[in-house]
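Working notes for the structure below.
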Amino acid sequence: MIPDLFQIGPSLLFVAPLFAAIAAFVRPRAGAGIYLVSAGLITVASLALVLMVGTLGAWRMDLGGWVPPLGIGWQVDGLSVAMLLLTALVMGGAGVYRVAEGDAGHSPLFWPLWLFLWGGLNALFLSADLFNLYVTLELVSLAAVALIAMGGRTALVPAWRYFIATLLGSTVFLMGVALLYGQHGSLDMRLLQGALGPAAIELLASLLITLGLLLKGAVFPLHFWLPAAHGRAPSAVSAALSGVVVTAAFYLMVRLWFGPFSPMLTPALALALGAMGAMGILWGGVMALLQRRLKMLIAYSTVSQLGYVLLVFPLVASGILAAQAWHGAVVLILTHGFAKAALFLSAGVLIRSLGHDRIDRLKGPGQGPALAWLAFALGAVSLVGLPPSGGFMAKWWLLQSALAAGAWHWALVILAGSLLTAVYLFRVLGGPTAGAMTPSSDHSTRAMGFTALILALAAWIPGFVPIPLTGALADTWGMP
Amino acid sequence: MTFYLLLATALFLMALYGVFASRHLLRRILALNVMSTAVFLWLVTVARAAPGLDPVPHAMVLTGIVVTVSTTAVAVVLVVRLRASHRRHDLP
């Protein structure tokens, strides 16, 4: 029965991590084993959904057979499955890294929280219901806060700051949702599509929802909480947070403003969002340049790189090569996620083998395990956007769209941001490359390095396979 | 009807001020709780105003209460940890 597969596949993505989390909580000793089995299952299911959307097209499902406005709808379309693919590879890869790291100093609660985070993210990327999205955002935030706090004593204050910021974001988001419900009596994105007009209360609701998401996405000037939280967390957690959790807010902004909120996307508003992105690109880049610790540098780089995603609003609003800009932003979210996870994981390997992450004492790739440096370099090249990496494709499309529209200021920001990225990343890589480069001494360091390398290679795929997702991505509801 | 909507708005804004103005960690948690209560009040008022009886806002408020209880629990655990390791109960 093929129709059943359309229901079971997406449901499995939420149910499997949930049950695995409970199992790992009840049997903490078997946590790593439970994780590996469920991660394999979830990854296969995510890949199957990518293939199904790519070949059969997008579909919607009503949970439990209840039709909106009373029930909750999920949508499985190009954008959703692209984000599910990112989640599967980053959460799967970083989890394998954590398994390889071993059990020393490892809280028994890690695996339940990790699986809750994964399940919450999967549901977030599938949901088409605004209140359901609020619940998934909270599920993701709570798991993320607890995982950050596992970074030890120094991580407690950053975890607290993140908690306040993200909870404030959720509550503001919920207020916006309540306002919309009061106006239209519906929470389903597809039912709201076309129903919203430029009335003052609807504009206020959409601005509140966006404000909440800007806070959760650490968009300049609301980025204050991100660097410490991502820099102090355990490395596997940093990879998941920077690679997937923050991008969830950007995903929702793209989804909402090109979907139900599109009648309210005035040129002035698009310009404001783009300007915040541009400020983030430059400010995050400069701050990354000034950091002394490697993980803090990578964390500031997240503030900088995700600013590019917001450029999609003015570029699409200009109407020239809009689809190009849209694809560029989505591929940027994907390649940034892979490359950033690779960077954090290789930083984790370096910290483990060298005992520190002070940039001035790293002395370039002449020291420490070669595998980690290789992963770092490959991830860095994609992050800068040098051809033929995946990051190049993303930034090239954004740049083409900006040039075609004659928007020289955006083109300049794109290039300046790439230059800044190159400077701060090659400051790390710039040391003597020859010397006491050690092959990884033990199995676990080698396995950790390999997971970082695979994620770095994933960031290169869009540069070689001419966008494997094009077929799937084109089938996204609300795409320009 | 209008009175309750205004009350919800006033509570929301007061709580928003409280989140930024207070330094004591517990006060901040309370401010966030008041903020979500303001949203719940708004939703219940909307449900009352609907012709007939609208069950969806009630389901939303019930779910929201469960979420708020969970977030408050996590927040209190963090405060206890911070108190134990940093010997302080306020943060700028």
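Each residue, glycine too, has its Cβ placed from N, Cα and C.
If you look up TrEMBL, you'll see A:6-26 (among others) marked as transmembrane segment.
The transmembrane segment annotation in TrEMBL covers A:33-59 (among others). Only residues 6 or more beyond the boundaries of the transmembrane segment (A:33-59), in the same chain, are considered here, and those with a CB under 8 A from a CB of the stretch are 5-6, 9-10, 12-13, 16-17, 19-20, 23-24, 27, 75-78, 80-82, 84-85, 87-89, 91-92, 95-96, 99, 111, 114-115, 118, 122, 469, 471-472, 475-477.
Marked as transmembrane segment by TrEMBL: A:79-97 (among others).
Annotation comment: TrEMBL describes A:127-421 as domain 'NADH:quinone oxidoreductase/Mrp antiporter transmembrane'.
Residues or ranges marked as transmembrane segment by TrEMBL: A:133-150 (among others).
Sequence annotations record features per position, and here TrEMBL assigns transmembrane segment to A:162-183 (among others).
A Cβ distance under 8 Å defines the sequence-distant neighbours of the transmembrane segment (A:203-225), meaning residues of its chain 6+ beyond its ends; these are 130, 137, 141, 158, 161-162, 164-166, 168-177, 179-180, 183, 196, 246-250, 252-253, 256-257, 261, 264, 276-277, 279-280, 283-284, 302-303, 306-307, 310. Per TrEMBL, transmembrane segment is recorded for A:203-225 (among others).
For A:237-258 (among others), the entry in TrEMBL reads transmembrane segment.
If you look up TrEMBL, you'll see A:264-290 (among others) marked as transmembrane segment. Long-range contacts of the transmembrane segment (A:264-290) within its own chain (CB-CB distance under 8 A, at least 6 residues past either end) are made by residues 196, 198, 202-203, 206, 214, 219-221, 223, 227, 253, 257-258, 297-298, 300-311, 313-317, 409-410, 413, 416-417, 420-421, 423-424, 427.
Residues 217-220, 223, 226-231, 238, 242, 246-247, 250, 253-254, 257-258, 265, 267, 269-271, 273-274, 276-285, 287-288, 291, 329, 332-333, 336, 340, 343-344, 347, 359, 383, 394-395, 398, 400-402, 404-405, 407, 410, 413-414, 417, 420-421, 424-425, 428, 479-480 of the same chain lie 6+ residues outside the transmembrane segment (A:297-323) yet bring a C-beta within less than 8 angstroms of a C-beta in it. Residues or ranges marked as transmembrane segment in TrEMBL: A:297-323 (among others).
Taken from TrEMBL, the feature transmembrane segment covers A:329-350 (among others). Long-range neighbours of the transmembrane segment (A:329-350) within the same chain, counting only residues 6 or more positions beyond its ends whose Cβ lies under 8 Å from a Cβ of the stretch, are 79, 82-83, 85-86, 89-90, 93-94, 97, 101, 230, 234-236, 238-240, 242-244, 247, 250-251, 254, 294-295, 298, 301-302, 305-306, 308-309, 311-312, 357, 362, 368-369, 371-373, 375-376, 378-380, 382-383, 389-391, 393-395, 397-398, 445, 448-449, 451-453, 455-456, 458-459, 462, 467, 469, 473.
If you look up TrEMBL, you'll see A:407-426 (among others) marked as transmembrane segment.
Annotated transmembrane segment per TrEMBL: A:447-469 (among others), in sequence order.
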Leading contact stretch, A:133-150, A:162-183, A:237-258, A:407-426 vs the transmembrane segment (A:79-97) - CB distance under 8 Å: A:237-258
